[in-house]
């Protein structure tokens, strides 16, 4: 089997014979194989065993036939060696016993060295790069999203403590943004050196900010990160949930792909960011529960918009959820491949 | 003291000497006076005692100096007499022991008669209309938002069961939309007959839908409701959280005021809906925790945009939260009044 580089080619707007597909959280609880592994090991325990972690990362490629792998990991993985006491609690998410509130707290955080502090992550990437026949995406959480957990102490609905720090203690906020962006730059560089072929930066919760606050408190950090990542010469994807209102601002960033959730139709996303960027998205994951004809009609509608210009990757607008079905995702992947291949061969 | 009709005048784009202010959830746990009442009575028990409920509704007018009152109630209040077993649980929200899933479940729901089934609500409105020196806003939840609780059985993050019904059982979905819109029309009519002077329809969670799904599954119902409410001849406000992407579609609805959350700058909201509509919003509630100079600068920025055209009501982009401070809100209200009065007198 030859290497399938359709994902990278489509991002670069080169000719492809089908639209590439991958899914956020494609290694996850919806898979019986994954649930079986999770009976024995926690997320942390899986990531600390490179062979097992590689197996978990590879499983969806085999089960679904997707065109890219994404490293099995968590956005909080590199946060623990920064001195933050984080635990991923089932059904809740990351919970932090020592939330960061003061400048002294931020100063006490150290920037980890991936090779020394997280050698198992690098080793997993090396195994994957040897074994995979599709590109490997690696990822990091963006500073706002990471900060929201680190400041709130866990998942939040309104991010009031996070915003309170932004407004009331900009020196602490800026120090935290700097520390997190140093971590992200060093962590992503180590992944790319180990062989990962693309980066996705998850800014899942930044859609809670107004445009004006994003511009003041977050944009400078994102510019620094994406500019710093440019020398790595791999495609960079930036994604958030409910971030349509920020998309025009995102077009100022040196990223290659804008991740779009289902709230923004792809033609409107293109209007906002311009034709320079490739797009990735944007089926509402809820369609995984719809009858197949309804789901395929929606996928076709999205493909028609996405394929109107070169530079498109099919994905969901957010991660796969536990109630989803492997066979549904396999058949959806096949549908996207076949429908787009038919259109492209015309 | 004469009647202060600035709120109604501003919505009608008549000349005003200051920009009117009110706050979503202005009667709430941030008030020590309210917390004291809540030690003795639940939300339901307060709404069932007209004198007490009127007192709770009036308190923020006296404490903050706002330009409108909003009936103390809950969007689930008229749902209980429909045969839905709903309980408002502290710290969680509405919890429903018999969620609606089938056509038989929907058919078993009855449209309540407000005067007979909720006489205490009508009586509260009558007291308020006699006592208040500002307009009384009444409200209802919109069908999608109500349906999300009724189908999921409680608050939800992703609304998968709700969307699953939309996609898989459109007959059940449409029957539920019809039943809820009949309730809303009859309930709002009874409130207006009792003397309420404006209506706000809360579609808090409809921002979870794509534009295409909103158009297919929700818009026809919203057209029916707002067209039906037109004969009542009071201003109609439509509000949701994270609904910026739906705003162009909302401009097809016969409403008077579009409620804007903080994610959409008011100048962009005007671009989307056109100058026919008045706007209401849109300070991020998180600014209630900011230093006063930062909060006032943001309020001024919003006022400058909001006052660029006639037809503006100052509000938060979402409800006041329990950690907020009465004095902060009082001083914010004064600031909005004084800043806008200065600008208007120029």
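A Cβ is built for glycine as well, from the same backbone N, Cα and C atoms used for every other residue.
Quick caveat, the model's predicted, so the values are computed rather than measured.
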Among A:191, A:318 - the residue TrEMBL places in the same substrate site as A:25, A:26, A:27, A:28, A:29, A:74, A:149, A:204: A:318
Intrachain C-beta neighbours of residue A:25 (substrate binding site), sequence separation six or more, cut-off 8 angstroms: A:319, A:320, A:321
Residue A:149 (substrate binding site) - helix vs strand vs coil (DSSP): helix
Helix, strand and coil counts within the domain 'Uroporphyrinogen decarboxylase (URO-D)' (A:20-29) (DSSP): 0 helix, 1 strand, 9 coil
In the chain carrying residue A:29 (substrate binding site), residues 6 or more apart in sequence that have Cβ under 8 angstroms from it: A:35, A:38, A:322
Long-range Cβ environment of residue A:74 (site 'Transition state stabilizer'), under 8 Å and at least 6 residues apart: A:43, A:47, A:88, A:94
Cβ neighbours of residue A:149 (substrate binding site) where a neighbour is any other Cβ within 10 Å: 25
